[in-house]
Amino acid sequence: MSVQLRTLLFYLSNVSNCNREMAEILMLDCQFLVRAVCDSPLVSNLPPSSFRSSSQLSNSHGPGFAKLNRREGAGGWSPLTSDRYQWLEVDLGGRTQITAVATQGRYGSSDWLTAYLLMFSDTGHNWKQYRQEDSIGAFPGNSNADSVVQYKLQQPVIARFLRLIPLDWNPSGRIGLRLETYGCPYTSDVASFDGSGGGLLYRLSRGPRQTSREIISLKFKTLRNSGILLHVEGQGGLSLTLELERGKLLLLLRQENKLPGRSLTSETQRLVSLGSLLDDQHWHHVAVEQLSAHLNLTVDKNTHVGTLHNLGSHKPVVSKRNFHGCLENLFYNGLNLIDLAKHNDHQATVMGNVTFSCAEPVSVAVTFTGPQSFLRLPGATASSSGGVSVELQFRTWNKAGLLLTFDLPQQGGVAWLYLSEARLRLQIHRAGSGLNDGQWHWVELNSRRARLTITVDKEEGGTAQASPSFPVTAGRHLFFGGCPAEADGQECRNPFNVFQGCMRLLTLDKQPVDLIMVQQRLLGNYSQLQIDMCGIIDRCSPNHCEHGGSCSQSWTVFHCNCSDSGYSGATCHSSVYEQSCEAYKHRGNTSGHYYIDVDGSGPIRPQLIYCNMTEEKTWMVIQHNNTELTRVRPSPGGNQHSAHFDYSAEEEQLLAVISQSDHCEQDLSYHCRKSRLLNTPEGSPFSWWLGGPGPGRLQTYWGGAQPGSQQCACGLQGTCVDPQHYCNCDADRMEWANDSGLLTHKETLPVRSLVLGDIQRPGSEAAYRVGPLRCHGDKNFWNAAFFDKETSYLHFPTFHGELSADISFLFKTTASSGVFLENLGIKDFIRIELSSSTEVVFSFDVGNGPLEVRVESGAPLNDNRWHRVRAERNVREASLRLDELPAATQEAPADGHFHLQLNSQLFIGGTASRQKGFRGCIRSLQLNGVTLDLEERAKITPGVRPGCPGHCSSYGSLCQNQGRCVERASGFYCDCSLSAYTGAFCHREISASFKSGTSVSYTFKEPYELSRNSSALPSSIYSDMTLRGENISLSFRSSQSPALLLYVSSYYREYLALLINKHGEQSRTYKLDSSREAEVLRSRVRSLANGQLHTVNTADWDPDLARLASLGFTGCLSVVHFNSISPLKAALFFPDSSPVVITGPLARSNCGSSAPADPYAAENTHHLLGNRGGGGQESRSGLQIQIETCFFGMHHWQDSVLQVQKGVNLG
């Protein structure tokens, strides 16, 4: 079956009135022909009036300067704010064929786009986004400000207006753009139909048919979703209708039959339905092609291929609605039918109201793209009736969603209009509200017949009544809002605050007050009023409170409630937490849980993280949901076991911690018994894991090996139990084995999930463990540069802190002045400087004139120690904090400028004029939470050196108890090797509990004996043993007396002992010469063996010591120190490598805590005054004790500091 066309009827639904003269035509392919060359520049010669934009940073950054390779103005267009709501629009003057777009950054700046969207329009409204193949909408942008990136459109676009919307831009700059478009002029023939019944009728010429191929092509646009576009009648009662129905295009076939003696019957069937949302007022291309029995319909890029022999079974409802819209380039076998009609060709007839131009109604739509989309419009004004009238059209694919909501200020409620299960619903909620909500409230005060009545908001408000014992009448005057400054105290008194707000509809004695007469001074009097207006301002719209802070306001200012947000300041901008465990450590904090805000004032929320602060490293430990050794149990029907790990930190926080840390690691172990792990590198792995950002990437190596190696640690080290395999578990033995190690490649961390594949065989057993993520080092905290000349500086891209800007850094210097930071605009600027040796100044200008915030230090700042500066500027105030001094603030003008507009480079350590430069170190410089890489820039900048040593001068005081501060390139650490304490700051006491049979012996060797038996020189441990005196300290707690606490002896039978005698007194016995009697010093304090906390300080030190030692010691001993040796620390921490002998049970304990065992016990300090037992002679001056053994194993909790000086005459 074929349709031999005889009549084409366009845009006329009443087809019964058509002339049905038979004719045949020659069909030619008339697809739109694109010119071979269509690449002329379209923008370069346009006048400035052809450019528009959402905003502009300044007049010199206007859209008219956005021409490719031009340098006028500021070298291109930049908007006031860099966000995704900005756009640049170009009017090409007429509909044009566009084939390519080129972009370029703003000249001489750090401002360029890295991605953007293209929008096109014929009218400057109703924009349509250009999409590439696969619906990709984003275009790649530039990588610098000067190079040109050109993109050829895959499908040419016909439009008059072009709009470019930035998606992303240089993170170190702002939006900056110059552009060009390429193409050629476009001409077309257009007809417009108003839906009243007009149309075009085309009659085919008579003549023989020369081809079986017929084609009709056109473009249309409309706002109506239904209407007949085309009706074609052929021979044998067949006809085709192209109809728009509910935004889709239908191709209908109609068969009319006329049998003898019967009435005319017809049957209509749908051949195809194609397209969707075609009533969007954009041009859509349509082609209908018949080739013998085949009939193809193309709508835009989609084509349906069908046949007339295979008709569909649909029974469509034929629309009687006329088409209302425009048609362009209507071709029938190569004939331009609109052009024929315009020139009154005899084959083309214009019927009804048809015009040969496209008159388009302006219809502005808005798209809600995601869960955070919204549109806010002002409600009814004060002069309106108070009602609400809203009309809208919407379209959506979702069954549910909010369409409209608004407050009911008079009722204190809210109304919602929304979709639910694809049905429209309206809900109204009523609730009370305060009277300072910015809404109009009605108040009435009446005093009649000894009754006083006050009513608020009539129906929704309340009424209060009172019956005073005297009549309430008004005096000569009533005062509203306050009192005159010169008022008589008897006439007007105001013990309250003055009223700030608006009043209207005043009535006195039921008569309205004519406020215009008041304004004309014809009635009453007034001062400082604005009449005939209400000047109330909503200072919380837009909401300047960041990070979830809630906004409230008074008449003149807004306030941000930052409670529970983790941020502080006038706009909740600055984080109250440090950005790493490293930063907490350098504030003197020890191990524990801390809130970490990895990006400071940035968008990532604070996270509670455990900080493990050891002597040399500070670890950030991030747990996940399963860090224990987990047994793998086979599941029925499954050949694999998989585990997913959820971390306590959110994704952004996790990746930021990994990025800013020097080193990260995660323990990964597999315990196996006849359960293979990875297989050989040539084979497919049995197990794998996913690690890295997002869901992670597939990893086939194990802990301790290299990425991509498909090996375990033993394979890398050559220590596997089976040399033919690269993992112990791959040996597939019946004995238990394991493969364990650390994953240290940050790009593969953290471990997201784990899949184990060889667990189902008989006899297979396995267990795995994925440890917590552990990271140490903070690349941002120690990033520093040293400026050795006043003329040296570092420069960075322009700082963008239009509404909120926070700057923090540390500095140290010996100079008395210098500029830390400066960034200039055309008029605006921002600067932080050391103005004198005791003062830091933060100055800026946002268009209201220069402002300064100063902080004065009571001590010199040029002391070559680190000092911290924190400056913040927002729409409310500017603040400056120096070290831990109170912050200085400067309020911003209530109604002044508040956008900080900068356009020059950011200078660090100097200025553009190379004057007043800073000499010294700047470290950890952060702007709005982003750390500037000073070290990397310093490597290529003369006069500036990366890094800055000398941290112990500032942080050395953190090292306690003889701990030694050790410098590092990035930071410091406390060396506790010479201290009896341990911990990050040598602050944790080392204590042990002693039983009656416990003792520790530490043996010192003679220096000459060492030299005789070894070629090595004596170590410092032993070289310190021959002195004129010894320093001994220890602490004890005990209830035992007598007890021997400490015994030190030499090769020459000299000794020193510390003990508690039977009376509970502390005493020292010493014998410094074997030829002399022992001497005894006793404390005058008794009852030391009472379990309380005692502190003993002694100055220098028998018999029956062996018997006393045999009793042993029961109690607690802590922080034992003998010169540079810590015997108890050696026994507890290094028993295998130290010259110690431990007898009996020795257990580390916290019994040495300064908190007493008895919470009510007092801490006592005692001094031995040199009382001597026995009549010993004076010690020989200069006598040296050669120490052999230090023996202790006894204790009472008491801080005893023993300074024993041999060779000094005591008593």
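The backbone N, Cα and C atoms fix where each Cβ goes, glycine too.
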Scan C921, C959, C965, C974 and flag the one TrEMBL records as disulfide-linked to C948.
C921
Where's the emptiest Cβ shell within 10 Å among the disulfide-bonded residues C921, C948?
C921
Please give the sequence-distant neighbours of the domain 'EGF-like' (536-573): residues at least 6 beyond its ends with Cβ less than 8 Å from one of its Cβ atoms.
438, 500-502, 595, 597, 601, 605-606, 803-804, 806, 872, 874-877, 879, 894
Go through 190-358, 783-948, 949-987 and flag the stretch with the largest number of C-beta pairs under 8 Å relative to the domain 'F5/8 type C' (30-184).
783-948
Under DSSP, the domain 'EGF-like' (536-573) has how many residues in helix, strand and coil?
0 helix, 10 strand, 28 coil
What does the DSSP secondary structure composition of the domain 'EGF-like' (949-987) look like, as residue counts for helix, strand and coil?
7 helix, 12 strand, 20 coil
If you average pLDDT over the domain 'F5/8 type C' (30-184), what do you get?
89
